[in-house]
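Enquirer: One structure, pasted below without further comment.
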Amino acid sequence: MMRKSFERLLYLVVIAVIILSCSQKVEVDYIADQNFNQNWLFNKGDVEEGQAINLKDEEWRKLNLPHDWAIEGPFDSKYNARTGGLPVHGVGWYRKHFTVPKEHKNKQISIEFDGAMNNAKVWLNGNFIGERPYGYIGFEFDLTPYIKFGEDNIIAVKLAPEDLAARWYTGAGIYRNVRLKINHATHIPQWGVRITTPSVQKDSATVNVVTTIKNVQDDDVEASLITTLKDGNGNKVASNEVEVLLNASSEEKINQEIKIENPELWGIYQPNLYKAESRIVIKSKIVDDYSSEFGIRTIALDQEKGFLLNGNPIKFNGVCLHHDQGPLGAAINYRAKERQMEIMKEMGVNALRTSHNPPSPELLQVCDRLGIVVIDEAFDEWQMGKVPNGYSKYFDKWHEKDLRDMIRRDINHPSVVMYSIGNEILEQGKKDGWKLTKHLNDICHDEDSTRPTTIGFNFYPAPFENRLADQVDVVGMNYKPMKYAEAKALHPNMFIYGSETSSQTSSRGAYHFPLEAKTQKNTLQVSGYDVTTGPAWAYAPDIEFDMQEQNKFSLGEFIWTGFDYLGEPTPYGGRDNSTNGYWNDDWPSRSSYFAPVDLCGFKKDRFYLYQSQWTEEPMVHLLPHWNWTGKEGQEIPVVSYTNCDWVELFVNEKSYGIRKKGVDTTTIPADLYHYDKDFYESKYRLSWTVPYQKGKIKVVGYKDGKAVVQKEINTAGKPSRIKLSADRNEINKGGEDISYITVRVEDSEGNLCPLADNLIDFEVEGAGSILAVGNGNAASLESFQDNKRKAFNGLALLVVKSNSQAGTIKIKGTSKGLKPANLVVNVN
Ligand code: GAL
């Protein structure tokens, strides 16, 4: 992502002063991009002439962006549960008063939105300046013609998200970052630096930098472009300077090939990054300074070895993710994204598919920094709609601009390795569906010839027969593991992978037995044994593991999904009644059950099933919990996930025998497309049945004959105390940094009470405040913005954010009948 920070400006000013004091004339004549998130006014609901200069807006709510009005709630069955049961539709107006000092009269002023949900229309001082329907795309408008220098200016933004516009929770509002740019008349415009690495050798790499320079003056200008490349420690490694003559009112693209000796490559284990600093100098004055993060790496596809990163084969252990951040809603927060991807990495994830829309710039930054490869996906719909008010309404007019802009914005991210032009687009069923596919594919290659394209297809064999699959470079198959081999045999030159897999559902900490093959409606929770089949296309992760192993040509898989998300509460709900618009059959079920991690980021058992396949550090996991009062003597299914050679189970120190990974199997129900049996023998789970007796249950994992790791669960006594623990005890001031506090209900010995649902009250004082609360229960209508939360199966989450000052945040959790807990988070 490209950013000119205030720090940079300060630095430049200091440099300029130093240079001036050496009697050489170099000055700075530009303003760094300004964070434009503060002090907006908001009105929920439509306002006549909401853009008018003289509108009385003093009473409007004052807030800072990013903002998602829908997450504020309330949940209501009158809203569509498919989009989270929250008010994601309606009209909202935002206004901001601001002044641009007179001395900037000759500058070019623009406003950049990283995204606004959705149907954005923007006015400056009552003048309409532009619109952008697609809520996920970044856009910029030129404000110069209507700016009043030295006076009050009013920017007004009207958003009008519609009901039935998505299949998931979209959020609503200006939910991503906004910047004001005060550019010199000669400057680098939005996304104006494109970096590729056409040649990468061990001892040297060529970095190609194409810089657009825009001159909006009426005069020709002589300028120099100095591009400096710096390594991850900020050391200059190379630079190049070019003299440019820019005609009046023109734009030039400058091509620079810069060599770097001994490059440190970007990869998933060592995500080394570089920075390109592009400086424009006119008559010894620095008029623009533009910074772009990039990486040096190669990607390639090989029929024998699959996807190659720097020449090394990588199998995608991927996840699909929607853009929401659970209890935080859609309002972008860097740390929330970073935490999500850290949790994913811990599970063994190395790849992400940004289902089904362009992600926030922050998410790509996180993936660049953590070493996660990304499929950057553009659309869930083309011309044929899936919901009455979806993107198909805008496709004809906007698809080309949206797709080109996504690529222009994301092209420098080393993490991005493919562009996906669609997910399960309905055109795959059409004879001439290949035409639109080709058109979109050509746009991608026209913008970026260095990355392959893909689509997630879910019909089989239609997209192959209708030749859509021929148009893209890599063919994604959703939920068709039993057909990988056939597809490859019929199309040996195609590269194939599981673009969406499994869609297993479960609730954290809920266990039902006898094991159920079909979803039970009575609890609105799905059993954590992860054997419940349904929806119809879903299947256990085990089956995908097996099919990936059997079909070595597959580039890997992307599970649906990495994190639970708001909306789409499948297997509940489920009546596609788009005529009246509701999807609320099983209200209050309102968020998804699909992921190995719940909406709060708490791990379900399935997290460890993936970890057992995708990581090497010895691990062992055990389920279910061990609180089965009333079931004494009854057979309880006990399951272990491990990457060890074998596991031994003990109950109250009595051995129940060993199970060998890859040798002993567990029979699980299976009901999936193109599979004619009802059961599947899984070699990925080890299992026992044990007559219940309270006490301690333990698994010990062995590698090479040695006990290397163990896990135990004790029968918990009555809920007795609260335990608070922060993911980070030190956070930064400034209002953007956050700490995630896990709230555990424990017995007097410190055991998690696995059934506890105590209501916990929070007091937060000092240098921060409550940002959100949650508990991962997909069927709870408690507000995410409150100072209390019930535990769900023993856990709740409190998220606190810093404010502008340094200090300490003092947090207290209390609950009737429980010993309270205190915690301090330092704000530096
Ligand atoms: C897929 C779809 C996803 C999600 C998933 C649920 O068909 O592409 O967006 O709906 O099903 O299993």
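Sequential numbering from 1, following the chain as shown.
Every residue gets a Cβ built from N, Cα and C, even glycine.
Take a look at what TrEMBL says about it:
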type   : residues : note
DOMAIN : 88-180   : domain 'Glycosyl hydrolases family 2 sugar binding'
DOMAIN : 193-297  : domain 'Glycoside hydrolase family 2 immunoglobulin-like beta-sandwich'
DOMAIN : 304-488  : domain 'Glycoside hydrolase family 2 catalytic'
DOMAIN : 633-708  : domain 'DUF4982'
DOMAIN : 722-823  : domain 'Glycoside hydrolase family 2'
Enquirer: Pairs of Cβ atoms less than 8 Å apart decide it: which stretch in 193-297, 304-488, 633-708, 722-823 has the most with the domain 'Glycosyl hydrolases family 2 sugar binding' (88-180)?
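Expert: Per the Cβ under 8 Å count, 304-488.
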Enquirer: Does the domain 'Glycoside hydrolase family 2' (722-823) reach the domain 'Glycoside hydrolase family 2 immunoglobulin-like beta-sandwich' (193-297) with at least 3 CB pairs under 8 A, where each pair is 6 or more residues apart?
Expert: no
Enquirer: Based on DSSP, tally up the residues of the domain 'Glycoside hydrolase family 2' (722-823) by helix, strand and coil.
Expert: 0 helix, 59 strand, 43 coil
Enquirer: Could you count the residues of the domain 'Glycoside hydrolase family 2 immunoglobulin-like beta-sandwich' (193-297) that DSSP puts in helix, in strand and in coil?
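Expert: For that range the per-state counts are 0 helix, 74 strand, 31 coil.
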Enquirer: Let's see if you can do this one: DSSP helix, strand and coil counts over the domain 'DUF4982' (633-708), in that order.
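Expert: Counts, helix then strand then coil: 0 helix, 46 strand, 30 coil.
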Enquirer: Can you count helix, strand and coil residues in the domain 'Glycosyl hydrolases family 2 sugar binding' (88-180) using DSSP?
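Expert: Tallying H, G and I as helix, E and B as strand, the rest coil: 6 helix, 42 strand, 45 coil.
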